[in-house]
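According to TrEMBL:
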DOMAIN    2-117  domain 'Semialdehyde dehydrogenase NAD-binding'
BINDING   THR9, GLY10, LEU11, VAL12, LYS37, SER38, PRO177, ASN308  NADP(+) binding site
BINDING   ARG97  phosphate binding site
ACT_SITE  CYS126  active site, acyl-thioester intermediate
BINDING   GLN153, ARG228  substrate binding site
ACT_SITE  HIS235  active site, proton acceptor
Amino acid sequence: MKIAVVGATGLVGTVMLKVLEERNFPLTELIPVASEKSVGKEITFKGKQFKVVNMETAIAMKPDIALFSAGGSTSLKYAPLFAEAGTTVIDNSSAWRMDPSKKLIVPEVNAYELSIDDKIIANPNCSTIQMVVALKPLHDKYRIKRVVVSTYQSVTGTGVKAVEQMMNERKGITDGPMAYPYQIDLNVIPQIDVFEANGYTKEEMKMIKETRKIMGDESIRVTATTVRIPVMGGHSESVNIEFENDFDVADVKSLMQKTPGIILEDDIDNLKYPMPKDAHEKDEVFVGRIRRDESMPNTLNMWIVADNLRKGAATNAVQIAEFLVQKELI
Ligand SMILES: NC(=O)c1ccc[n+]([C@@H]2O[C@H](COP(=O)([O-])OP(=O)(O)OC[C@H]3O[C@@H](n4cnc5c(N)ncnc54)[C@H](OP(=O)(O)O)[C@@H]3O)[C@@H](O)[C@H]2O)c1
């Protein structure tokens with residue numbers, strides 16, 4: 001089992017290597033791939049050194065699976081070349097997510113859609129992944145009509161340059177590289193990605209469209225406000241969900257507790273609720289603050305937190321790869 005990690009020197013790629021190692025993924029050969037500037041750099045995996053190669057070398061090595069996290073344009077150009085060489089690509093960028101011929105997969109929700117013919121598989125946006133893991137069991141039981149979500153997203157979601165910007169600002173360095181149009185430390189920026197003609201950002205529209213595609217239900221209405229905040233451990237979301245049917249709060253909590261991949265942290269008497277500091281470097285989605293919306297019938301409020309580099313990116317991609325291996329779909 002030859003695995004290429006494309007973008008191995010980046011934030012997601014680095015976590016991808018860690019997750020492959022931790023989960024003891026059954027690989028026999030690792031191919032770390034990055035841009036020309038990183039070729040020859042050494043990557044440590046399971047105590048061994050591997051040299052970073054470029055795209056062309058990696059394609060010629062015909063990996064079984066390529067885990068891509070190297071940006072949308074790189075993916076658009078190279079994923080089909082890997083696929084032509086017989087490699088199954090699992091792509092973290094937004095390049096293929098809304099392509100009707102490509103599957104958009106969160107294993108806990110819709111892994112059953114995958115077949116041996118899927119040569120380019122899309123990994124959803126980080127904020128969408130953590131939300132749908134919690135929404136799916138609720139939709140199956142109570143039928144979701146509408147979701148209103150506001151996000152509080154970590155700077156790690158923008159890549160290494162953003163982390164550097166925030167850390168520089170903390171040290172008082174004012175002439176470092178800027179990943180955002182404004183200072184992020186001691187600030188909140190209500191813009192993630194570029195604005196679209198309807199006044200929403202691309203990130204907000206991703207959450208709306210990707211949620212429906214993953215849940216396989218175009219009738220679910222979603223509206224989102226996505227916000228960048230100066231934290232590192234993960235993304236947090238305040239989610240308001242209106243159902244067709246009424247629910248019992250205790251039932252919702254027990255459903256969350258039973259769902260694989262979710263950890264319920266909901267004990268307000270002891271001030272227990274999910275926080276990005278605690279979700280950091282964890283693979284699960286954390287859910288808490290579950291309560292009835294007293295202003296609307298059949299409506300629930302909840303708080304969802306996950307490490308965006310883990311379940312929001314690397315872990316989800318590795319879980320897809322694990323599913324493909326287990327079901328012999330490569
Ligand atoms: N951060 C997140 O939470 C998150 C979540 C989900 C999805 N994603 C997606 O994952 C991708 C990477 O994000 P990131 O945060 O890891 O960014 P990053 O830290 O900036 O890393 C980018 C990686 O891509 C490589 N790369 C860039 N251009 C390349 C090219 N032409 N050929 C080969 N490799 C190239 C870089 O190599 P060099 O080091 O050589 O430049 C680096 O390894 C993006 O598409 C992003 O949208 C990120």
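Backbone N, Cα and C define each Cβ position, glycine as well.
Automatic prediction, not curation, is the source of TrEMBL annotations.
Looking only at Cα atoms, VAL12 (NADP(+) binding site) sits nearest to CYS126 among the recorded positions ARG97, CYS126, GLN153, ARG228, HIS235. Reported as a whole number, the C-alpha separation between PRO177 (NADP(+) binding site) and GLN153 (substrate binding site) equals 20 Å. Each residue contributes its Cα atom, and for LEU11 (NADP(+) binding site) and GLN153 (substrate binding site) those atoms are 15 Å apart. ASN308 (NADP(+) binding site) has a Cβ environment of 29 other Cβ atoms inside 10 Å. Screening the recorded positions THR9, VAL12, LYS37, SER38, CYS126, PRO177 for a C-beta under 6 A from any atom of ligand 1 leaves THR9, VAL12, LYS37, SER38, CYS126. Note on proximity: of the recorded positions CYS126, GLN153, HIS235, the one nearest SER38 (NADP(+) binding site) is CYS126, by Cα distance. Secondary structure of the domain 'Semialdehyde dehydrogenase NAD-binding' (2-117) per DSSP (helix as H, G, I; strand as E, B; remaining residues coil): 41 helix, 28 strand, 47 coil. Cα distances from GLY10 (NADP(+) binding site) to the recorded positions ARG97, CYS126, ARG228, HIS235 are smallest for CYS126. By a simple count of nearby Cβ atoms, those within 10 Å, the most crowded of the recorded positions LYS37, ARG97, ARG228, HIS235 is HIS235. With respect to their backbone Cα atoms, the residue listed as 'phosphate binding site' and GLN153 (substrate binding site) stand 20 Å from each other.
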